[in-house]
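So that you can see what the record holds, here are the features copied from TrEMBL:
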REGION    1-21  region 'Disordered'
TRANSMEM  31-53  transmembrane segment
DOMAIN    31-431  domain 'Major facilitator superfamily (MFS) profile'
TRANSMEM  65-86  transmembrane segment
TRANSMEM  98-115  transmembrane segment
TRANSMEM  121-139  transmembrane segment
TRANSMEM  160-179  transmembrane segment
TRANSMEM  191-213  transmembrane segment
TRANSMEM  253-273  transmembrane segment
TRANSMEM  279-301  transmembrane segment
TRANSMEM  313-333  transmembrane segment
TRANSMEM  345-371  transmembrane segment
TRANSMEM  383-401  transmembrane segment
TRANSMEM  407-426  transmembrane segment
């Protein structure tokens, strides 16, 4: 019996039907464990880019205006590498794709260390871009978790891998305190030494996946779909125009991607300007840090709950609820004024809404597109998601300067509400039109 959701569309089968189900289930569980362990290590490394990278940029340039430059470089690195990682997955499997991305991110960590020694800003930006490839790997790992999933477990499997990002995302920014002792031990500058932890994390994640992902989950899934091994010898150069054309054939995936992009843009826009708003009202640095940490916890800690809900009541429903949660979040944050407590509540709700929309939307994309087109659309989704975040962050600064924090939240709320309506209508209309995955 196909699983149905309140939008009236049957979930596509999407499992390797020609293979022994018990073998596939065992491999699926093993793959999720490996991806989760790797997420802890790589998330730890990626989590240090925003905080330590910004401090290093200011130290090298002597100008606070360059504090966000490393984050921008990392975002662009993630955006431009996502499709390349998808192409490599089609050509050589998830193992080669994810491991190669983590290797490049390791080179980025080395570049950070050298930039601190040589006080080189261009090298710092290059390191940020390469570390962004590691962020793209973390995003695509959630899709790798669904390669062998059944329709009834897809969102839950995806959400478990997202959940494991919590450890690194929360811990990474605090590694700066360990840079001093490690710097004295190694003779490196304090901020540069902190990136040795990033290097170790990326290399550990790479080894976990390179050694552990055998057999390759994507290879097994495609073998089940096609009846023979197809990981090598296929066309892997998928132009972005062709990926967009493929996406357009599956309106359900279009609606899911729309929801993801809106949720991510809203989250980045409001989150990135909140520290400035709180500092302007006299909040201490520690209080600002606590607010951001609780926001990050909201983004990741409830991911398994969002996955369970997506499997139970339907991913499209959870996606819309996530966007509506963001509407409530910006209403609270935008009217918080000098109240740090209200601002924190708004930021936590903002993260929870992002979690619901991202987990549910990603699950819908994984289930809506059949065959090899699925991997290409996953890469396109991650690329556009990074660009949406970059755009949201850039426009947020302009909005804060022109219309203030309350005006920024009002604009974000309108965008989230419009996204919820659009995602609902598109996915509702697509309920009986998308081709099932076979």
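Quick reminder: no glycine exception, Cβ is built from N, Cα and C everywhere.
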Open item on the list: When you look at the transmembrane segment (65-86) alongside the transmembrane segment (407-426), do they share 3+ Cβ pairs under 8 Å, ignoring any pair fewer than 6 residues apart in sequence?
Closed with: no
Task: Contact call for the transmembrane segment (121-139) and the transmembrane segment (31-53): at least 3 Cβ pairs under 8 Å, seq gap 6+ - done: yes
Open item on the list: Return the average pLDDT for the domain 'Major facilitator superfamily (MFS) profile' (31-431) as a whole number.
Closed with: 85
TODO: Grab the same-chain neighbours of the transmembrane segment (313-333) for me: Cβ-Cβ under 8 Å, and only residues 6 or more beyond its ends, written as numbers and ranges.
DONE: 4-7, 155, 252, 255-256, 259, 262-263, 266-267, 270, 274, 306, 342-343, 345-350, 352-361, 363-364, 367, 405, 409-410, 412-413, 416-417, 419-420, 423-424, 427-428
Task: Criterion met for the transmembrane segment (345-371) and the transmembrane segment (253-273) (at least three Cβ pairs under 8 Å) - done: yes
Task: the transmembrane segment (253-273) in contact with the transmembrane segment (191-213), cutoff 8 A, at least 3 CB pairs, sep 6+ - done: no
Task: Contacting positions for the transmembrane segment (65-86) when only residues 6+ beyond its ends and CB under 8 Å are counted - done: 49-50, 53-58, 97-98, 100-101, 104, 108, 121, 124-133, 135-137, 139-140, 238, 240, 243, 375-376, 378-384, 386-387, 389-390, 393
